[in-house]
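Peer 1: Right, I'll just put the structure down here and ask away after.
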Amino acid sequence: MATSTTGSYECDTLPAPRLASGLTPDLDHDRSPSPFSKFEPSSTGSSPLSTTSDIEMYTTPTAQRKLCVRHQRMADEGTNLKLQQALDALPVQEREAVNAIWSGFSSSSHPRRELILQGILTMCCFSQLSLLTEQLGHLIRIDPFTVLPREVSLRVLACLDATSLCRAAQVNKQWKSLADDDVLWRGICEQHIGQKCLKCGWGLPILERKRAVRMTSASPSSSPSFPPHHTPDLFVSEIPDALPFTRPWKDVYSERLSVERNWRRGRCSVRTLRGHTDGVMCLQFDETLQHPSFPILITGSYDRTVRVWNIETGLEVRCLRGHTRAVRALQFDEAKLITGSMDRTIRVWNWRSGECIRTLEGHTEGVVCLNFDSNVLASGSVDTTVKVWNFRTGEAFTLRGHRDWVNSVRLWESEESADVEMACGSVNEPRICQGTLLFSASDDGTIRLWDLAQRTCVRQFMGHVGQVQSLKLLEVDERCDEGVSRQEQRIADNNMAHVAQVGNATNPFEVCTVITHDADSESMEDIQSLDRVAREVLAGSSRKRAKRPVLISGSLDNTIKVWDIDTAKAIQTLFGHIEGVWAVASDKLRLISGSHDRTIKVWNREEGRCTATLVGHRGAVTCLGLGEDKIISGSDDGDIRIWSFAGDNRL
């Protein structure tokens, strides 16, 4: 380096210049060499380096000499050409005088140089001192990334946030190469995607949806069918023999940041799906099904029908008929759809073909809600009871305790249930697993927690002063200092582990996506192998952090409550709607609610603050679905609205 705390370090600067030999007398008098000429290639016809020894001194000084950082930079960048030209412009006598001063300083030892500089400074006026100050401010700056190894530079940049990295990338090309490194942006994505960062409090959506690559076009009016092993030509999901597309992690972060900013600002585009002839009472959508390749939405209505929609095109794919009264509840997976109706029945459908497979009867009044997992189906009814249907045995039993309509049920597998899941899942043990619990909400204003193995109510949640219409069960991360330190260390270790693998190499198959309003940009939004790695990494991260269940309820008392399950106490109450709340939904980043006041509110769950209010429905908002970049809502007005917060504000 150029300086040393001991003062014993010396830079091997070039020796004092000597007059070039072999030149004509005129040329010798017209040009005097300077010590700086050793750093600069001279122009043709004016080079003082004409002899073999001079040429060798010019071409090999940096290889033979130990130069300080500053002189090495001067040799590499050629910063003294203008100074040499200024010297050449002086008369011969002045040139020799200046050259003598420079030569004497260049040949002096470091202690003598310091003495010479002190003397020169005492002779300087303020104008010269001002010039020195201006020049020194630039000269003493050292770019650390030109000196440090790439691995160390990346370790330093790993301490920055996303904004600082973007600013660093604007300094120069070398900084941009470092600041855009995939290792750094992967670490930032690990901290933010799918969870709130423990440092800044920001969280970004996962965006699990894998958009299909459109190979051919077909008539938009065609209605695709679902044979077991056929995918319509309009929705070809991959190119045969094509290499997978991946994107830089910086682009992945940028896309998700754009979506999150839209959420925070309440900025979205809206589409309306029309087909139902009466109020829409229930809905569910899924964007990650393997078949079909397009995202599916299923809705139930007072018009007694269940309709299947293609979210991408907004077209109705199929209409399921069979219920004789309003459809109030539904849930589907890849294999089946189960619906509950005010006609007192529950129907099981093959939603791909529209065939009703089975009808379950047992309630004495209309079925208002249902929820199922791989083993159990629970349903709530106007008859004030909850029925639990065991898929393994085909048996059902009834839970009694509510005094009015049961409006919502939610199954919950506790930690105790997870410990004995293998035993309960065997053929020899068809019983309901120990620790399988059920939440139910009722018009009587209470929420009950049931132990399904014991068939008893173990807890009551009391606090609402109106009918409780909806429930949402959510697992959130515990915030603890120990968790923070573990995560930070894991990210840092992960970064360093991948530095050697990434290096300066670039992926020839990278597709860099820029979010624009161009209609053709949608084909660039494919999230394939890179994003699958992201989900795996994030899944591993979440397993290392403690989880706690949180219960969220919406009531016709105009409030939303967040409950501590262990104490059955409300830990938070959200106020904002001016009429009753019919539906709530939530994920790790936000909470949404739909109300009789015809609005949808987006909340910061942790702060209890409303961040956006969405207006547009002409009737009460009765049901909601929440995705990473969209809300889908159903209303008494018969409309289904898709509120898209995607980066380009398009579906």
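Placed from the backbone N, Cα and C atoms, the Cβ positions cover glycine too.
A TrEMBL annotation is a machine prediction, not a hand-curated record.
OK, TrEMBL features for this one:
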type: COMPBIAS; residues: 33-53; note: compositional bias 'Low complexity'
type: DOMAIN; residues: 142-188; note: domain 'F-box'
type: REGION; residues: 1-56; note: region 'Disordered'
type: REPEAT; residues: 273-319; note: repeat 'WD'
type: REPEAT; residues: 320-359; note: repeat 'WD'
type: REPEAT; residues: 360-399; note: repeat 'WD'
type: REPEAT; residues: 435-460; note: repeat 'WD'
type: REPEAT; residues: 551-573; note: repeat 'WD'
type: REPEAT; residues: 574-613; note: repeat 'WD'
type: REPEAT; residues: 614-651; note: repeat 'WD'
Peer 1: DSSP-wise, what's the residue breakdown of the repeat 'WD' (320-359) into helix, strand and coil?
Peer 2: 0 helix, 24 strand, 16 coil
Peer 1: Average the per-residue pLDDT over the repeat 'WD' (574-613) and send me the rounded value.
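Peer 2: Mean pLDDT for the repeat 'WD' (574-613): 93.
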Peer 1: With an 8 Å cut-off on Cβ pairs and a sequence gap of 6 or more, do the repeat 'WD' (273-319) and the repeat 'WD' (614-651) reach 3 or more such pairs?
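Peer 2: Since 3 or more Cβ pairs under 8 Å link them, the repeat 'WD' (273-319) and the repeat 'WD' (614-651) do come into contact.
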Peer 1: Which sequence positions outside the repeat 'WD' (360-399), separated from its termini by at least 6 residues, show Cβ-Cβ distances below 8 Å to it?
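Peer 2: Same-chain residues near the repeat 'WD' (360-399) but 6 or more away: 325-326, 328-331, 338-348, 405-411, 413, 424-425, 430-433, 436, 438, 440, 442, 450, 452, 455, 457.
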Peer 1: Counting by DSSP, what is the helix, strand and coil composition of the repeat 'WD' (360-399)?
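Peer 2: Counts, helix then strand then coil: 0 helix, 23 strand, 17 coil.
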Peer 1: List, by number or range, the same-chain residues at least 6 past the repeat 'WD' (320-359) whose CB is under 8 A from its CB atoms?
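Peer 2: The answer is 226, 278, 281-284, 286, 289-291, 296, 298-308, 365-372, 377, 379, 381-382.
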